[in-house]
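Novice: Sharing the features that Swiss-Prot gives for it:
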ACT_SITE  Glu400  active site, proton acceptor
BINDING   Arg125, Ser126, Ser173, Phe273, Ser274, Cys275, Leu276, Asn277, Arg280  substrate binding site
BINDING   Phe164, Gly165, Leu166, Thr167, Ser173, Trp198, Ile199, Thr200, Thr402, Phe420  FAD binding site
Amino acid sequence: MLSNLSKSLLSKGKFINKNNLLKNKRSFGTIVPGDKFEWNDPLSLESLLTEEEVMIRDQVNKFCQDELMPRIQMAYRDEKFDREIMREYGKMGMLGATIPAYGGVSHVAYGLMANAVEKVDSGYRSAMSVQSSLVMHPINTFGTDAQKSKYLDGLASGDLVGCFGLTEPNAGSDPAGMQTRAVKNSAGNYVLNGTKTWITNSPIADVFVVWAKVENGDIRGFVLEKGMKGLSAPKIEGKLSLRASITGMIVMEDVEVPPTAMFPEVKGLRGPFSCLNKARYGIGWGSLGAAEFCYSTARQYGLDRKQFGKPLAANQLYQKKLADMATEISLGLQACYQVGRLIDAGKATPERISLIKRNSCGKSLDIARQSRDMLGGNGIADEYHVIRHAANLETVNTYEGTHDIHALILGRAITGIPSF
C-alpha cells in the first residue's frame with residue numbers, strides 16, 4: 001500500500017508519472033522474494049562495493065587465512081613477530097596501498113584489507129597500518145623528493161620496516177607535552193634527545209619517523225635511520241596483549257642528523273595528527289574484523305555444542321547475544337564504509353574518524369568478551385582464538401587515542417566547548 005504522504009503527493013501532481021509510480025511498489029519498501037538475509041552480512045555491505053574492492057577483499061582474505069592464520073597461535077604464545085610478514089604484505093601490495101604510486105586503491109579497499117588482517121590478529125594489522133599510515137603517509141605527504149626517493153620504495157616492498165615515534169613515558173594522550181628535543185648545533189645539524197615508548201615495530205625498524213620540539217617550541221618531524229649513533233630501540237617484554245606484534249621504545253641520546261632529515265614544511269601537531277587519523281580510520285575497519293571472527297566463532301560453537309539435549313544456539317539468550325553482535329558489527333561496518341567514501345571525496349573530518357574508531361573498538365571489545373563467555377571454559381583456550389582477540393582489543397581500544405579521548409573530541413565538536 002502507498003503511504004498517506006505518497007497518495008497526497010500523487011493527488012497534487014508532485015510525481016511525474018503516476019502510473020509508473022503505482023506499478024513500482026518496490027520504491028515503497030515491498031520485500032522482493034529473491035532478497036535474502038545473510039547472517040555474516042546483514043546489511044549487504046557487499047552490494048555497496050565496487051568490483052575492484054570485492055576482488056581486493058577476497059584476495060587479501062585468502063592470503064590472511066592461508067598464510068597468516070596458521071602461524072598466529074604459536075606466534076602469540078612465543079611473543080614473536082615474523083619479520084618476513086612485512087615482505088609478504090609488500091608482495092600483496094598491502095603497504096601504502098592508498099598512495100597513488102603504490103596502488104592508489106580506495107580507502108574502502110584499504111579498510112577491507114585492515115579488516116581481513118585483523119580477523120587473524122590485531123598485532124598483524126598493527127604492523128601493516130603503522131608502516132602504511134604512520135610511516136609511508138608522512139614521508140609521502142610531508143617529505144622532500146629526496147626522502148621519498150630514499151625510503152618509499154623499500155617501505156612499500158617490506159624490505160624496509162618503519163616505526164612512528166610520538167608517545168612518550170610522560171606524554172600519551174597529551175602529545176603537546178612531549179619532552180623530546182631537537183636542538184641545532186654549531187654545525188647546523190639537529191641533535192635529538194628523548195625517549196618514545198609503546199612503539200610498534202621499533203626493535204626491527206630501519207626507518208624511524210619521530211616528532212620532537214625544536215628550540216622555538218614547534219613540533220617537527222624527523223626521519224632517522226637504524227644504526228645512527230645514539231639511537232637504540234629496546235624491546236618491551238612481557239605484554240599480555242598484541243603479543244604477535246613487536247613493541248619497543250625509541251631512545252635518542254645525542255642523535256645528530258642534518259637538516260635534510262627534517263620534514264621541511266609541516267609544523268605543530270598537524271603532522272602527527274594527520275598520520276593518526278589515517279591509522280584510526282584503518283583501526284575502525286580492523287577492529288570489526290576481530291569482532292567478526294569472534295561472532296562467527298560463537299555462532300558456530302552454539303550450533304555445534306549441545307547441552308540439555310539441544311544446541312546452545314537453540315536458547316533464547318544465546319540467540320539474543322548473537323543478534324546484538326550482528327547488529328553492532330553491521331552498523332559499524334556501514335559507518336566505516338561511509339567514512340571511507342568521504343575520505344576519497346575529500347570530505348572526511350577528524351571527528352568522523354574519531355567516531356568510527358571509538359565505536360568500532362569499544363563494540364568489538366564488548367563482542368570479544370561476550371564471545372569468550374559464550375564458549376564457556378573453551379573460551380580461554382587459545383585454539384579457539386577469542387581470548388586472544390579479547391586481550392588484543394584491550395590495547396586497540398587504547399592506542400591511537402583512547403576510547404575516552406575520542407569521546408572528548410566528539411564532545412568538543414558537539415558543544416563547541418573543549419574539555420581538555
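Every residue number used here counts from 1 along the chain in the order it is shown.
In case you wondered, yes, glycine gets a Cβ from its N, Cα and C as well.
How buried are these features, and what lies next to them?
Specialist: The Cβ of Glu400 (active site, proton acceptor) lies under 8 Å from the Cβ of Leu276, Ala279, Arg280, Ile283, Lys357, each of which sits 6+ residues away along the same chain.
Same-chain residues at least 6 positions away in sequence with a Cβ under 8 Å from that of Arg125 (substrate binding site) are, in sequence order, Ala114, Val117, Glu118, Gly282, Ile283, Gly286, Gly289.
Its Cβ taken as reference, Ile199 (FAD binding site) is surrounded by 25 other Cβ atoms within 10 Å in the chains shown.
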Novice: Give the number of CB atoms, excluding that of Arg280 (substrate binding site) itself, located within 10 Å of its CB.
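Specialist: There are 25 such Cβ atoms around Arg280 (substrate binding site).
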Novice: Among the binding-site residues Phe164, Ile199, Thr402, whose Cα is within 10 A of the Cα of Ser173 (substrate binding site)?
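Specialist: Correct set: Thr402.
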Novice: Measuring Cα to Cα, how far is Leu166 (FAD binding site) from Ser274 (substrate binding site) in Å?
Specialist: 13
Novice: Secondary structure at Phe164 (FAD binding site) (DSSP, helix/strand/coil)?
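Specialist: Note: Phe164 (FAD binding site) is in a strand by DSSP.
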Novice: For Ile199 (FAD binding site) and Ser274 (substrate binding site), what Cα-Cα distance in Å is obtained after rounding to a whole number?
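Specialist: Answer for this pair: 18 Å between alpha carbons.
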